[in-house]
Amino acid sequence: MDHPPIPLSLAAAGPLTGIVTVPGDKSISHRSLMLGALAVGETVITGLLEGEDVLATAAAMTAMGASIQKKDQTWHVHGVGVGGLLQPQTALDMGNSGTSTRLLMGLVASHPITATFIGDASLSRRPMGRVIDPLSLMGASFTASPGGRLPLTMQGLCPAVPLRYTLPVASAQVKSAVLLAGLNTPGRTVVIEPVATRDHSERMLAGFGATLTVEPSPEGRIITLHGEPELRPQIITVPGDPSSAAFPLVAALIVPGSDVTIANVGMNPTRAGLVTILQAMGADISVMHPRTVGGEPVADLVVRHGALTGIEVPPDIAPSMIDEFPILFVAAAFAQGTTIMTGLDELRVKESDRIAVMAAGLAACGVTLKELPDGLAITGTGGDPLPGGATVDAHLDHRIAMSFAILGLNARAPVTIDDARPIATSFPTFVAMMESLGATRRK
Ligand SMILES: O=C(O)C1=C[C@@H](OP(=O)(O)O)[C@@H](O)[C@H](O)C1
Ligand SMILES: C=C(OP(=O)(O)O)C(=O)O
C-alpha cells in the first residue's frame with residue numbers, strides 16, 4: 001500500500017438506529033465481471049461492489065482483452081467470448097484477493113496463455129496448491145513460490161483436459177476455478193462437492209446460458225458443466241453482501257437500544273448461516289420482504305438489540321458463514337455463557353489466521369476465551385461492556401479490522417485498529433455507513 005497505516009476507533013454514544021444498505025456482494029461481483037468478459041456482447045451490471053478486490057478482477061480481465069467501463073451507476077462489460085482471452089502483457093496484480101487469484105487461475109488454465117500472478121503480503125502467504133493441483137490435472141503448468149504460493153507463473157493448455165474432481169476442501173474458490181477452467185475445455189468437467197459451498201458460480205453460469213447440472217448423490221453435490229458454450233450477455237443486479245451486512249447487524253445486537261434495518265441483503269442459503277446462528281443465540285432479527293433479484297434470494301433484515309445466549313455452533317454450518325466468524329466471535333463476546341465454534345480450519349488460511357488473530361485481539365480487549373485447534377470457545381459478558389483499551393493488529397485483514405471496530409462500540413476504553421486501509425478491499429463505505437447509524441470516530 002502506498003500510504004501509511006490509518007488507525008481507526010469507533011464509538012457509540014447511544015443506540016444505533018436507521019436504515020442502511022451495504023455494497024454489492026463481493027463473490028457475485030467478481031463472477032459477473034468474469035462471465036461478462038467471456039460473453040459475446042454487452043453485460044450490464046448494477047450494484048457492483050467497487051472494492052479493491054473486485055477492481056483487481058476488473059483490471060485483470062481488461063488486461064486479458066475485455067472492455068470494462070463504468071457509466072453513471074452501471075458497469076458495462078464487453079466480452080471476448082469463451083476461449084478468447086488474450087495474453088496479459090504484465091503481471092496480474094491480485095492485491096489482497098484470494099477469490100480473484102483462484103478464479104482467474106481457473107480461467108487462464110484452459111487458454112493458450114502464460115500469466116504471472118502477484119499479490120500483497122497477506123495474499124502471498126495463502127495456499128494456491130488447492131487450485132494448482134486440479135488445474136495441473138487439466139494440463140496447466142506452474143512455477144510457484146515455495147509452498148505453492150504467489151508470486152506464481154502459469155501456462156494454460158488449450159485444449160485442456162476435462163476433469164472429474166472431488167473437492168478435498170470445502171472451498172467455493174476451488175470449485176469455481178475448476179468450473180471456469182471447464183468453460184474453454186471440450187467435453188464435461190465435473191466437480192463433486194462433499195460439503196455444499198456458496199453456489200454463485202453455478203447460478204451465474206446457468207444464467208449466462210451454459211449447460212450445467214447439479215445432482216445430489218451420496219458423495220455430495222455433483223456439478224457437471226458442458227464445455228465450450230456460447231455465453232449470452234446478461235443484465236445483472238448484484239444484491240447487498242451478507243458478509244458486509246454482518247457488521248451493522250452485530251453492531252445493532254450489542255449496542256443497547258439499537259434498532260437497525262439493513263435493506264437488500266443477499267440471503268442465498270449457502271451464505272445465510274450467520275442469521276440462523278444468531279437467531280439460535282436469541283437475536284431479534286426479522287427477515288422481511290423475501291424476494292428474488294437476478295436469480296439470488298434477497299431480503300431486508302430488521303435487527304434490534306437484545307440478550308444473546310452462548311451455543312455450540314454446529315460445524316456443518318461453517319461453509320455458509322465462513323467469512324462471518326470474526327464478527328460472530330464478537331457477538332459471542334457479549335453473549336451470556338459460552339459459545340463453542342469448531343470445524344473452522346479454513347479460517348487459518350484466509351487473509352490472516354483468523355482464529356489466532358481474533359483470539360489475540362479479543363484477549364487484549366478483555367474477552368475470556370480458549371483457542372482450539374479448529375476454532376474458539378468464547379465466554380461472553382452477558383451484554384455488559386468489555387474492558388477494551390487495546391490496539392489491535394488487523395494483519396492486513398479487512399474482516400478483522402471491521403470486527404474490532406464493531407467490538408469497540410461496547411467497550412469501556414477505546415479499541416483501536418492499527419490500520420483500517422484493508423477495509424476498502426470489501427467495504428469501502430463501512431465507516432460512513434456506521435456513522436449514518438450514529439457511531440462516531442474517536443479522535
Ligand atoms: O468463492 C468465493 O467468492 C469465496 C469463497 C470463500 O473462500 P474459500 O473458497 O477459500 O472458502 C470465501 O471465504 C471468500 O471470501 C469468497
Ligand atoms: C476470505 C475472503 O476473501 P478472499 O479469499 O477473496 O481474499 C474474505 O473476503 O473474507
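Every residue, even glycine, has its Cβ placed from backbone N, Cα and C.
Residues annotated as active site, proton acceptor in TrEMBL: Asp323. According to TrEMBL, the feature 3-phosphoshikimate binding site maps to Lys26, Ser27, Arg31, Ser171, Gln173, Asp323, Lys350. According to TrEMBL, the phosphoenolpyruvate binding site annotation covers Lys26, Gly98, Arg126, Gln173, Arg354, Arg399. The annotation domain 'Enolpyruvate transferase' is assigned in TrEMBL to 13-432.
TrEMBL feature annotations superimposed on the structure.
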| residue | record | Cβ contacts under 8 Å, 6 or more apart |
| --- | --- | --- |
| Lys26 | 3-phosphoshikimate binding site | Leu49, Gly51, Asp53, Val54, Thr99, Asp241, Ser243, Ser244, Ser426 |
| Ser27 | 3-phosphoshikimate binding site | Thr99, Ala172, Arg198, His200 |
| Arg31 | 3-phosphoshikimate binding site | Leu103, Ser176, His200, Ser201, Met204 |
| Gly98 | phosphoenolpyruvate binding site | Leu123, Arg126, Gln173, Lys350, Glu351 |
| Ser171 | 3-phosphoshikimate binding site | Arg130, Thr197, Glu346 |
| Asp323 | active site, proton acceptor | Ser243, Lys350, Arg399 |
| Arg354 | phosphoenolpyruvate binding site | Phe325, Pro326, Leu347, Arg348, Asp397, Arg399, Ile400 |
Those recorded positions in Ser27, Arg126, Asp323 whose CB falls under 6 A of ligand 1, listed in sequence order: Ser27, Asp323
DSSP three-state assignment (helix, strand or coil) for Lys350 (3-phosphoshikimate binding site): coil
Entry from the binding-site residues list Arg126, Lys350, Arg399 having the most other CB atoms no farther than 10 A: Arg399
Other CB atoms within 10 A, centred on Gln173 (3-phosphoshikimate binding site): 22
Close-lying binding-site residues around ligand 2 among Arg31, Arg126, Lys350, Arg354, Arg399, where CB distance stays under 6 Å: Lys350, Arg399
Model confidence over the domain 'Enolpyruvate transferase' (13-432) (mean pLDDT, whole number): 98
